[in-house]
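Okay, so here's the structure we're looking at.
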Amino acid sequence: MKMYYESDVNTDALEGKTVAVMGYGSQGRAQSRNMADSGVNVIVGLRENGNSWNLAKEDGMTVKTFSDAAKEADIIHILLPDEIQEKVYNEQIAPYVEAGNTISFSHGYNIHFGLIKPDEDVNIVMFAPKGPGSRVRTTYLDGFGIPGLVAIEQDATGDALQLALGMAKACGFTKAGVIETTFKEETETDLFGEQAVLCGGLTALINAGFQTLVEAGYQPEIAYFETCHEVKLIVDDIYEHGFGGMWKDVSNTAEYGGLTRRDYVITEETKKGMKKVLSEIQDGTFKKQFADENATDAANLKEMRAAEDQETIEVVGERLRKACGLQKDD
């Protein structure tokens, strides 16, 4: 494993260069502000008068259309949703990309799956924080940062790695450490983590536990606390201290019960399912399905979202969070 820290990196390669951050969502807003505060010349590319246009201006950023930002940029850092990157790149960015420019990402999806295909005379790089945009910004303001990844798909100028690491440092990532990877590895492991564990697997596990208790006659509110609410406490402990630290912090009853009963829940069949998830990422099945979904304006996804909102655990959870003063206004 190759890891880069503050002392390994300087931002000299960025001097005199303009970075155009395309998009101003959670990551776009955080990364552009961090780089600007670190002295990098940053402009933001957006859809004119879109939802983020005024917000970026209020934040003091220089805001331009995608095309105008691409014309001025030496480095084009694309932080748009995966499903619209290809269209925006081909129509509003690619016509203005010049030899020696750098095309940058924080997720390798569109490059790895061949949806965006820059010419051979430009750099293709990635620097990616391992955390949400809110943490990217708050840890930077606290004088630290969150861990990150860096990858080089194409080095046309000979200094692509220095450019990517310079931006990672300007965002604060090298204070925690930046691990070298590849676009393939980042894309496939990121998608797998989201689908099998973090977003798909975890929510399914929580809901199954909740339903098991409710179906056995326990109060839904108690079931929610025991299977959903307390997840954060355990995850925070693992985040800071690992599995070993978590086991030390819970009671002996919880430790013994967890270690002797977890195989009832996560079985070899579960692992077979995880391997299927990974296989469909690797062979392009998921990419095709996601593209087909977006071709229908995400009709199926919208139906699934609506169904999720009606799940008993969601109804009970919202009621409890409000009652306990835990729910923040959107």
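Just so it is clear, glycine is given a Cβ too, placed from its N, Cα and C backbone atoms.
Here is what Swiss-Prot records for this protein:
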- His107: active site (ACT_SITE)
- Tyr24, Gly25, Ser26, Gln27, Arg47, Ser52, Asp82, Glu83, Ile84, Gln85, Gly133: NADP(+) binding site (BINDING)
- Asp190, Glu194: Mg(2+) 1 binding site (BINDING)
- Asp190, Glu226, Glu230: Mg(2+) 2 binding site (BINDING)
- Ser251: substrate binding site (BINDING)
- 1-181: domain 'KARI N-terminal Rossmann' (DOMAIN)
- 182-327: domain 'KARI C-terminal knotted' (DOMAIN)
Integer Cα-Cα distance in angstrom, Asp190 (Mg(2+) 1 binding site) to Arg47 (NADP(+) binding site): 28
Fewest-neighbour residue among binding-site residues, criterion Cβ within 10 Å, set Asp190, Glu226, Glu230: Glu230
Position of peak Cβ density within 10 Å, selected from the binding-site residues Ser26, Ser251: Ser26
NADP(+) binding residues Tyr24, Gly25, Ser26, Gln27, Arg47, Ser52, Asp82, Glu83, Ile84, Gln85, Gly133: largest Cα-Cα distance, in Å and rounded to whole number: 20
Separation of alpha carbons, the residue listed as 'active site' and Glu230 (Mg(2+) 2 binding site) (Å): 30
Per-region confidence, the domain 'KARI C-terminal knotted' (182-327) (mean pLDDT, whole number): 97
Surrounding CB atoms that lie within 10 Å of the CB of Asp82 (NADP(+) binding site), all protein chains: 19
Other CB atoms, at most 10 A from the CB of Glu194 (Mg(2+) 1 binding site): 14
Local backbone state of Asp82 (NADP(+) binding site), from DSSP in three classes: helix
